[in-house]
């Protein structure tokens, strides 16, 4: 399925090289965390005016900031009416700032002063694999979708490219730099999953977004994900610094948290030595449906290609437990790629039976050798007893 | 996304050849329509007992039949509790046969004495193409999904392969023979679509399933679809006649309608003359994620392959308005295919501008020449004025 994210590319800002991939689903900025979080809102209006809306239908950042301060931290907050999210129209925000939970058709609502977006998703028949469980690709689709829905429900997202108003005026889009996903248990067909997502400042050069997937009945954590985004000019494909207007725009939506939900894997992903690769798929080309809105290859397609290079004998008995991706360069409709993988945990790719955990390093590259993406996957031996039950319901 | 349907194959019953594709999403039977619809239910229980459930949690077919007769035709009917569909557990049917509308998480409910299944779907970001509209493949996913959901909510579907209890005991699965889809307008991102689906007897050799996709606000018809299914033995891959037990099982769920929602295109799809093909994609191979539960290529993948052979210059300015498919033979993980297409409407594939409607014939075949699928697509010139608006919301 085509989607809005994708478009890994490489460009430079101030002489530095940075790695990233476009993503309509993220709302991160290249900003200075401390200055952002400690900034005193200026030109605040009277409390009455806080409940009003500007002519474009969005409460200004300083107003939102004040509302955040005024509200008790445990008060639920609804910043959009159902028309807003259902129609995708950028209509006025609702006057109801109280704890009224407005479950939209998509099932989304805001929590914790509007900083956390929560949505229930039901695992559909077209999202599952042969084992009746949600596929990894389907899970990634929901990372993007819930991020975009938060942007719609809050009114932060104002164009179809996932940009804020100021970003759109400056022709800027979001790009993914890294993505890290850990799946403890894949939900099964018809299971209902509760997804929480929020944004936070991440270092000097970007902003992060985290997700938690939970069993909606038991609260059991099913999966966590962390992504770091930066901003890019849509035309020049160069990274961009964040102007004050954008900082102000984003500030009310940024969580004050110190670190992502998934701790960084300390081990750097080395560039895979091509001659040492265990597995290799060549001649990979995107189809027209793999293109995103900018006519670049979508994020999810990259993951398909990575998984194609993993031995089928592994997939039959192991579940994908974790994936770390570092985007290096974009590719387009005419690109022809190779997907290489190498087992980095002990043992050979022919004998997995002795190992409970198997790790691979991955490389997607153009046929001319240029690096597109580096990745690492961790696979865990499947509990076959559980699996049998999932076939009968 | 992997899914449960797919698996086109060819087998024989009583010396006849029949064309089909496996589909967990359909509940059709090879039966004699008139005998089925006129049959008098036998061994009916008292009205009190009708509200009880058998030990397997399914009200027997004659009981359901009687309930149908007893209820006024305009009474809304709810045959499942939310636990049933949410968990996919085959639990007891609810005692509440009244007009209580039980919207499940998936948004589904039964109407018209339980014969019609209705579900609202919200178009998600991962279901749209570059034009912000639901892709054709996503629409097909929902054909399968709503069909399966009807099976779950009614309790007719008892195993993960989409079979009824009797079918499962006899190792039988559903296979798609033909599929016909007409799309008047593709819904856009975040739009809510109301889907109705029902089953009916179709000729001597199968049963049909129809779908209507409507704008949930205006009631405008967005798309119609019709599919014909037959039954196949999972092991021998041969078509199977329907035993009385299965007929009884299915009867309460079969609509008494004379013809499908889409009138058959009278023009037979000719086998495409390979040497005359305008467009050709070769070396097409399914990936592991294109496999269904039976390790056969999924239906949706076939459609991807067909669309890959349509000129990109056409897709940029035309919308896919209709598709007719006739499944001929199954293929599997090791198959290597060719996708061929030929413009059958006037004009050449290089100059579409003069035509408001363009038609193609399609052929998917193995490299050894064996036919997998025949198809026809109809494309309509896009209204570019409408398109511009859909980019801003």
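Every residue gets a Cβ built from N, Cα and C, even glycine.
Feature annotations, reproduced from TrEMBL:
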- B:114-249: domain 'Acyl-ACP thioesterase N-terminal hotdog' (DOMAIN)
- B:280-380: domain 'Acyl-ACP thioesterase-like C-terminal' (DOMAIN)
For the domain 'Acyl-ACP thioesterase-like C-terminal' (B:280-380), jot down how many residues DSSP puts in helix, in strand and in coil.
17 helix, 44 strand, 40 coil
Overall pLDDT for the domain 'Acyl-ACP thioesterase N-terminal hotdog' (B:114-249), taken as the rounded mean:
89
The domain 'Acyl-ACP thioesterase N-terminal hotdog' (B:114-249) resolves under DSSP into 33 helix, 58 strand, 45 coil
